[in-house]
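Heads up, the thing below is written out as structure tokens.
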Amino acid sequence: MLTDFKISFFLAVRMLRRSSKTGTLLTIFIIAMVFTNMIFLSSVIGGSIELMNEQTVDFYISNIIIKPKEDIRFIDNTSSLVSKVNRIPGVSHASARYELGASLNHKSNEIALPVIAFNPDDEKLVTKIHEMMKEGQFLTREDRGQVIIGNYVAGNVDESKDFFESLGGVKTGDSITVSFVNGVSKDYRIKGIFQTKSYQTDYKVFISWNEMEEVLGYPLDQSNELLVKTEAGTTEKEVKRTMLSYGIQEQVKTWKEQAGGLFDESIESFQIINNITLIVSLIIAIIVLFIIIMIKTLHNKREIGVLKAIGIDEDIIIQSYVIQTLIIGILGITIGFCIIQTLIAYFLAYPIEFPDGNVSLYVETGIMIESAVLLIIASIIAGYLPASRIAKEEILTAMRG
Amino acid sequence: MAVISVKDLYRVYKLGKVDVHALNGVTLDITEGEFVGIMGPSGSGKSTLLYQMSLLDRPTSGLVTIQGKNVGGLTDHQRTRFRLNHCGYVFQDYALVPELTTEENVYLLPMAQGKPDTESIDTAREILGKVGLSNRLSHLPRELSGGEQQRVAIARAMVNKPDIIFADEPCANLDSVNSKRILELFKELNQENGQTIVMISHEDEDIEYFDRVIRIFDGKNRER
């Protein structure tokens, strides 16, 4: 058995080293390209999913969200809850949000949207919306009569460019009228417009907590939700467990639990596309390798006949071709891996610009290993089939070439 | 004692709808240590006979016995093993493995028998020295002349010290000087090692090297 493998390896290495170098290099290059193709699309998809996750954490939910108890509209005693949550190990900071239904008017444009109040100092420690100001400035605690709006709310003068109903291309400094559901109607100066490229966030309107108290006409100690930023080095699940162990009675959800439903379908669709690409790439790899090895074995048909004639077992001959394709496959995968790493570095520096954000390549180690293993299996199949076909021919037929 | 015994050997090839009777009941014995020439006109069945005796092909009917063993009943794997351990082959067109060097072509066989690498290499070098190719060990077949390639093939046939060497017109592609050298080499090996050699030839001047000539006509044998 060991002798057979030794002879197979001996023949495979010499055949690879001394047969057509162009052919061998071309085959390795093809495998490298197939491997790159298998990983590239999945890494773009991975990058998009990663972007969605990042946007969700940075702009939409933060790491953990606390919602009112089942069937209750508000979280009462919000200020004490925020203080309590801020003291829980693993929590970096919490920010409360309060929503009030309203309609926004600018000239002839009117849209209905809830206006969300937060404490800008808290918010800055929990989300990164303040870093994404397209124009103007973020809110401060003291701001009254000022509002910041998302890019989609601001919209465009040319309505055909809008994804949603908008205020028709308002700018920083413009005045809009906000009519709240409690009957209060007020003019607000747009202090800034943010653009996170996350459509859930960019279709929002924010005012300061103090401003909301003025609208409501009483000190506000209620909220609809608390966004919680966790400390680096912790996991959301751990911090959620700790929060529950500290007696938080409200609903506590990690961002994955909260956004799961939101992205599940997209991720599932991405995975279907990815799997189809993967299968197509594998079929291409098998066919290409099969053709190359078939041509190689047909070219070496006489040699295979000679080897059999002088007493080399056909299993050893088949094994030697499988080893050749295995070596070619491994070299191709290694080069493909280097190409992928180069692409990752490139797209990290120059991300692909999508409407929802800038996407870099994101490669999961598992997918990389899975693709490499599948390609190696494809190499073995592609080496085995043609070699066994030729090696099983009658000696004299093979020797005639 | 007969090392090869052939009885009522028939080989029929199918060429489309036509049956070609390449061998028509050959019966013969070859004694151990003999240097036997098989001669006959083209298409007479010489090569077909050699292929049946050397286990490279299976007869349509008849019996081939080597060292008293009926080789017709062996499986493909057993036949391959038998060829490796008991037979040596020299073909008209040398049939070397083009990607292997001179010495690799030769030491491949002892390695395949499971002998240690150093022993295999030493044996190969020793035999290549005997056939005058010590200075060509790392050359690929394409870098050798026809005569040199045939000597490598002979060294390969000898390396496992087989009981029988089958040579299919080994001098057909060589000039007269190289042909003579190859035939003398065969004779020398036959006399030194006592190995049985069965060689096909169509040159009458080769007869002087043979102990016995088997002539084949229309698939039947006639001895001289």
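Cβ from N, Cα, C; glycine included.
Per TrEMBL, the feature domain 'MacB-like periplasmic core' maps to A:24-242.
As annotated by TrEMBL, domain 'ABC3 transporter permease C-terminal' applies to A:276-394.
Positions annotated as transmembrane segment by TrEMBL: A:24-45 (among others).
Summarising the annotation, TrEMBL assigns transmembrane segment to A:276-295 (among others).
The transmembrane segment annotation in TrEMBL covers A:316-349 (among others).
Taken from TrEMBL, the feature transmembrane segment covers A:361-385 (among others).
Beyond the transmembrane segment (A:24-45), the same-chain residues lying 6 or more positions past its ends with a Cβ under 8 Å from any Cβ of the stretch are 16, 270-271, 273-274, 277-278, 281-282, 284-285, 288-289, 292, 328-329, 331-333, 335-337, 339-340, 343-344, 352, 359, 361-363, 367-368, 371-372, 374-375, 379.
When averaged over the domain 'ABC3 transporter permease C-terminal' (A:276-394), pLDDT in the model lands at 87. Here the domain 'ABC3 transporter permease C-terminal' (A:276-394) is broken down by DSSP into helix, strand and coil counts: 96 helix, 6 strand, 17 coil.
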